[in-house]
Amino acid sequence: MKLIVGMTGATCAPLGVALLQALREMPNVETHLVMSKWAKTTIELETPYSARDVAALADFSHNPADQAAIISSGSFRTDGMIVIPCSMKTLAGIRAGYADGLVGRAADVVLKEGRKLVLVPREMPLSTIHLENMLALSRMGVAMVPPMPAFYNHPETVDDIVHHVVARVLDQFGLEHPHARRWQGLPQARNFSQENE
């Protein structure tokens, strides 16, 4: 499997780092990373890593200004792309087909080729413009996976919440996260079901 990972300047850089760390442990997945200029700034603000450290997690890292990179062409076959986190500027550009920079161009290629595009949009609160852009992209087949925490799995650390979001992103490609804690039903419902088998 070949996946493109785009990181933009929105907050939640730890999600992108954790995704790359998880994919690094999957020998059958080849990753192509592109970080926007502001993604690099956000990474260094929100994580203990440098942009160089994060780039090293991917099999290939591409210059965000390089519109001639291999991921900018549909003839380079991939299984899809994840933009994590996805800023509202990037999301709006993807919706409009405004391929400004390599993140936008790679997403545009994935869309035109009918491949899977997963966006992890990060903004709060959401304006009508944001919601309409997400709805339009959803109607095009783009998967919206906002980084919303779950509490049924009783997270004890920020990492637990991050792993849960990353696991839900990986689910979009049928990939299993080793730290995923999945819903098992309510305890009383499980007991009732077992008693009535």
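Just so it is clear, glycine is given a Cβ too, placed from its N, Cα and C backbone atoms.
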Just to be sure I read the record right: G9, A10, T11, S87, M88, K89, T90, R122 are listed as binding FMN in Swiss-Prot. Which of S36, S61, S138 is listed for the same site? S36
Once G9, A10, T11, S36, S87, M88, K89, T90, R122 are set aside, which residues in the chain still have Cβ within 8 Å of the Cβ centroid of the FMN site? T8, W38, P85, C86, L91, E123
Taking the Cβ of R122 (FMN binding site) as the centre, how many other Cβ atoms fall within a 10 Å radius? 20
Indicate the candidate from T11, S87 with the smallest number of other Cβ atoms within 10 Å of its Cβ, considering only these binding-site residues. T11
